[in-house]
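Quick look at what TrEMBL lists:
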- Asp294: active site (ACT_SITE)
- Gln91, Lys107, Glu128, Ala225, Ala226, Phe227, Leu228, Glu299, Asp314: ATP binding site (BINDING)
- Glu128, Asp314: Mn(2+) binding site (BINDING)
- 189-406: domain 'FAM20 C-terminal' (DOMAIN)
Amino acid sequence: ADGDLLFNVNSDIRFNPRAAEQPEWQSEDHHEEFLPTGETSIDSYPNWLKFHIGINRYELYSRHNPAIEALLQDLVSQKITSVAMKSGGTQLKLIMTFQNYGQALFKPMKQTREQETPPDFFYFSDYERHNAEIAAFHLDRQVEWICIRRKGEILILDFRRVPPVAGRLVNMTREIRDVTRDKKLWRTFFISPANNICFYGECSYYCSTEHALCGKPDQIEGSLAAFLPDLSLAKRKTWRNPWRRSYHKRKKAEWEVDPDYCEEVKQTPPYDSGTRILDIMDMTVFDFLMGNMDRHHYETFEKFGNETFIIHLDNGRGFGKYSHDELSILVPLNQCCRIRKSTYLRLQLLAKEEYKLSLLMKESLLKDKIAPILYQPHLEAMDRRLRIVLKAVSDCIEKDGYDNVVENDFNTAVDTVTTER
């Protein structure tokens, strides 16, 4: 239904380059294809625009959308035409614009794969890791992307809530310094004593000469996350996560001291109806597997109201510690004792030896240009955390009963997950 699509391409003049006369909407080679009706063929759109018009009430991209793999390729190969610092946030991030007018958020490499978050760091001062952004994208597809081989076919079940992310090796001189018009960024470039090109930009944390990002000699790794549609085209609503941490060195949040906190949440819109509480549980499992403690807010597309999915944005503080499992991330699941049946079955499948989460993740991440993405102990930590999640659900079922814990989101008539996820 049109109401389930973020954009109605046929009726929206913004999606007709000839009518709008905006170069941003043209395809890569600036050659438009028109149908006999005079409309522009969607096939001629750049992949970033195909991604945008595929967004709907239930997912960021459909199960078999070929534009996603093509977009991932664009992220690592498109010519970078301009670079600017992203305002807001605590750490340096760059907005990169490509030759085909697509845009992506660049997070530069700050830690090696083997480094763990220092034990004395608070979660709110932890580094944002480029490889965590890449791994989160694959986990979002992989946790909900379980392959059941039947007669040579692969049936895929997934949520698809993280925008496409790919790793790229960037030339700091040619692809950042020489193309930026951001004077504040440009002024922070320097040559280190080791003759490497470095820069540090402007931000709240880690933007100083001592924390400069240095190339080898001018090559730097980073993650590129495809932009969602501009807010002027598709407004998003920002929600405070009910299980947000205090972001204070000494204070605790209410959920940390009140074991019945979920009961209060479930009486508050939008958690008192629909599927939002189940979306929070999905996000909880997702974050626990990554070790991400930094989920203070989340976003949804305003057009779809409360009956839509949560976008899993900003995952850079995941995969910081492989030697520690942060059990407090699982508190929403432990307090609410609710989970989708599709998610539960998927997690049970991932715990089986033949569909082991760590092996599926490793295989998926090998597709990225800057693989290996995760240090092996991080992959093994995910298997360990998965067992903890399943034990938590099992304890809930023992306490409250299967039907009160596991929400059947399957359409029994066709044996598939319903769209009301």
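Just so you know, glycine gets a Cβ as well, placed from its N, Cα and C.
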Spatial separation of the residue listed as 'active site' from Glu128 (ATP binding site) - C-alpha basis, Å: 10
Cα-to-Cα gap, Asp314 (ATP binding site) vs Asp294 (active site), nearest whole Å: 9
Surrounding CB atoms that lie within 10 Å of the CB of Asp314 (ATP binding site), all protein chains: 23
PLDDT averaged over every residue in the domain 'FAM20 C-terminal' (189-406): 96
Most distant Cα pair in Å, residues Gln91, Lys107, Glu128, Ala225, Ala226, Phe227, Leu228, Glu299, Asp314 binding ATP: 20
For the residue listed as 'active site', nearby residues of its own chain (Cβ under 8 Å, 6 or more apart in sequence): Tyr123, Phe124, Asp126, Arg245, Asp314, Arg317
Residue with minimal Cβ packing [other Cβ atoms within 10 Å] among the binding-site residues Ala226, Leu228: Leu228
